[in-house]
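Trainee: Sharing a structure below in structure tokens format, with a few things to ask.
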Amino acid sequence: MKADDDHELAARLANEAGQCLLELRERRQSEVDGKTLGDEGDAAAHELLVNALAAQRPHDAVLSEHGEAGPAREPAGRVWIVDPLDGTREFSEPGRTDWAVHVALAEGHDVLASAVALPARGLVLDTGAPPKPPARRAGAPRVAVSRSRPPEFVGEVAAAIGAEQVPMGSAGAKIAAVVLGDVDAYVHAGGQYEWDSAAPIGVARAAGLHTSRLDGSPLVYDRPDPWLPDLLVCRAELAEPLLTALSRSAATRPEGSS
Ligand SMILES: Nc1ncnc2c1ncn2[C@@H]1O[C@H](COP(=O)(O)O)[C@@H](OP(=O)(O)O)[C@H]1O
């Protein structure tokens with residue numbers, strides 16, 4: 001099996017799940033409430049991805065936001081880490097485009113191939129043909145943060161580098177915004193799981209962006225516990241100033257200290 005096939009499969013499955021979600025959203029949004037729409041989307045996209053991976057990669061394990069599937073995970077073996085619908089809340093709000101489908105293949109605790117679909121924007125970003133981030137736009141740097149749960153310390157970090165904050169839903173949409181040059185960085189803390197970041201982190205790395213934990217250490221995938229609560233994605237030239245600002249902020253201060 002060629003590695004190229006994995007890039008291609010990730011992109012195809014992310015696109016197919018995205019089309020399924022677009023169709024479901026169109027058909028059901030006038031019939032059910034937002035919570036039901038999100039739950040139906042999550043379930044439909046999960047089912048599509050798990051069935052497709054069972055048919056196309058029967059020897060690989062699958063770790064989805066909605067449970068494990070396929071053979072048991074082997075230490076450092078091949079595992080598809082998928083988030084069928086990232087930004088469930090935004091998916092259920094009419095007209096919003098900040099939601100995504102994540103499909104990643106990890107091996108040796110690293111992402112080998114991945115794709116992020118942004119169905120409502122008609123885009124699929126993948127590691128087989130990673131986009132080159134455009135030149136930085138003029139003006140203050142823009143830092144994407146969670147729309148619903150922005151970390152408290154982000155204000156002081158943004159101020160330290162003269163940046164403005166841009167609230168947005170979905171980890172995949174925020175990392176894609178850095179890849180596409182809509183923003184310059186994404187800072188997250190307080191909680192997340194491996195499926196929230198594996199696929200977009202693969203694409204961001206392939207596009208030459210900086211990716212790490214907030215203390216600068218590497219993001220490691222396919223650990224027994226999928227909790228991966230914080231991350232930084234940014235243009236390479238912002239890594240040093242942002243990591244310095246983060247190291248001086250509450251972001252990396254041990255809990256309980258001031
Ligand atoms: N504190 C936290 N604990 C657990 N998951 C979190 C979290 N903050 C954000 N997330 C998850 O990260 C994804 C992006 O969040 P946000 O839009 O706030 O940036 C969402 O995934 P899902 O939409 O797949 O549930 C959300 O649930």
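Note: Cβ is positioned from N, Cα and C throughout, glycine not excepted.
Note that the structure is predicted; figures quoted are calculated from it, not measured.
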Trainee: Of the candidates Glu65, Glu68, Glu74, which does TrEMBL annotate as part of the Mg(2+) site that also includes Asp83, Leu85, Asp86, Asp196?
Mentor: Glu65
Trainee: Which of Glu65, Asp83, Asp86, Asp196 has the fewest nearby Cβ atoms, counting only those within 10 Å, among these binding-site residues?
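Mentor: Counting other Cβ atoms within 10 Å of each of the binding-site residues Glu65, Asp83, Asp86, Asp196, the minimum falls on Glu65.
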Trainee: Tell me, by DSSP, whether Asp196 (Mg(2+) binding site) is helix, strand or coil?
Mentor: helix
Trainee: Same chain, not part of Glu65, Asp83, Leu85, Asp86, Asp196: whose C-beta falls within 8 angstroms of the C-beta centre of the Mg(2+) site? Give them in sequence order.
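Mentor: Everything else in range on the chain: Val82, Pro84, Gly87, Thr88, Ala100, Val101, His102, Ser170, Ala171, Gly172, Trp195.
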